[in-house]
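So that you can see what the record holds, here are the features copied from Swiss-Prot:
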| type | residues | note |
| --- | --- | --- |
| ACT_SITE | Asp91 | active site |
| ACT_SITE | Asp290 | active site |
| DOMAIN | 73-408 | domain 'Peptidase A1' |
| CARBOHYD | Asn76 | N-linked glycosylation site |
| CARBOHYD | Asn136 | N-linked glycosylation site |
| CARBOHYD | Asn413 | N-linked glycosylation site |
| LIPID | Ala467 | GPI-anchor amidated alanine |
| REGION | 448-470 | region 'Disordered' |
| SIGNAL | 1-19 | signal peptide |
Amino acid sequence: MRGDSFIWSLATAIPLLSTAVESLKVVKRDNPSVLGFDIERFQAAKPVHRDIIAKRASTKTISQDLDNQKNLYFCNLTLGTPPQTIRAHIDTGSSDLWVNTAESRFCSSRRAPCSQGGTYDSSSSSTYQLVNNDFNISYVDGSGATGDYVTDVINVGGIKLKDFQFAIGHTSSSPLGVLGIGYEAGEAQVTRSGDQSYPNLPAALVKAGHIRSNAYSLWLNDLSASRGQILFGGIDTGKFQGKLQTVPVLHTSRGDYTSLVVALTGVGIRTGSDGSIDTFPSQPVAVAMDSGSSLSYLPDALAAKVYNSVDAVFDPANNLAFVPCSMANDKRKLVFTFSSPQIAVGMDELVIDLGPDANGNEATFRDGSKACVFGIAPAGSSISILGDTVLRSAYLVYDLDNNEISIAPTRFNSTETNIMEIGTGENSVPDATGVPNAVTSAQVTQATGLPGVETGVPGSRPPSSKAAGQAKRPDFVLGVAAVGLAGAGMLFAAM
């Protein structure tokens, strides 16, 4: 993030809801073992740029900043004795907490870019201990963070953990640190150095007895909402419709679970009032369910079919598609299927307003209509990702103990709350059912280009003669505007 942007603050300790999944026991208790945070929005800048950069990363472990095109999702926490306040991105796609230090070249620059996120000073903490110097997360362009693994006291959501391991970024290029909550096997010291894993935040909460299972639920709410919610060790049945349906997380060819990846078995568009869906032909695709990615990334051929269905125009210079901003009022929905459960995503969640550039100019098409980014991008040779443009329309339960993800349609802006605790074991629960014969393997992304999709240099063609709502090329170069799009993207742990 560079400049102003929307940030979501996960700050308040509240009773949390347990996510129900096939192998989890969900229990209604008067005092559930759940840790929860409200997710609050804060103005942030350039939510798309680092998504674009990060997609070029060459390493295998994903780490993300939780930007959702306009929004970052972050939590307030403290580290050390006495406490030092930090804002860190909540990220299901990575596994380490890392924070900046004020002495880094990036943070000590004249613009003081790290003042918003806060920094950690190990010399000011009486409980600091050095672990090793193996921390290294990097972007493909050489940016990222390197430094030390340390232990210290952490306080998050009113819960204090002693001797908690995290990383200090002595060299970094991000003004905000990252709170990764993925698999321990995805930690940078494991993937880079082959060292043993350590208990990251969800695992440490289990170890300390604050929650019963290494599982959490995520409710991002809609694009314009001021609050969402994450619950460690619980679910909130007031935040989703119907029943949770559980699908397996896919493992690597070695049988390891390192990323929260499931099989996407279908993508289509719902066009009629009868609810019928026109499905785009495709084989099952392995997709990361990654709240840290602003955009969603599909295999090139599948992205091309989506673009053609909504008359989007692709800009290869920025790896983005554009549509008229008026498409946000379109009633069609993209539908994503996972063996059985579906996420139906409205156009109002997929059409992203760029806002003005540094000179106050807004992107427009040659006919004068305002141009917006479409929230689906081609994955190229990288893994496919369902980011915030899709995940906002779902209620998700990430069960790392049982290697499952449960999915239900979200209830946008719901004020209803019903907290349930996630227990342990393999008993089925009323709020979640396993999907029979769920797909357990899927192909990885292959770069094929975008056959049949209209492309071109901005301003290179006249206004389209097609039906109203078709995207036309913006009439000024979008390189600057697109930089303002990219906010936080995915980090890849260096291998």
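Placed from the backbone N, Cα and C atoms, the Cβ positions cover glycine too.
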Cα-to-Cα gap, Asn136 (N-linked glycosylation site) vs Asn76 (N-linked glycosylation site), nearest whole Å: 23
Number of Cβ atoms other than its own within 10 Å, given for Asp91 (active site): 28
Rounded Cα-Cα span from Asp91 (active site) to Asp290 (active site), Å: 7
Rounded Cα-Cα span from Asp91 (active site) to Asn413 (N-linked glycosylation site), Å: 22
PLDDT averaged over the residues of the domain 'Peptidase A1' (73-408): 91
Most crowded position, judged by CB atoms within 10 A, among Asn76, Asn136, Asn413 as glycosylation sites: Asn136
Count of other CB atoms lying within 10 Å of the CB belonging to Asp290 (active site): 29
Alpha-carbon spacing, Asn76 (N-linked glycosylation site) to Asp91 (active site), which is rounded to whole Å: 14
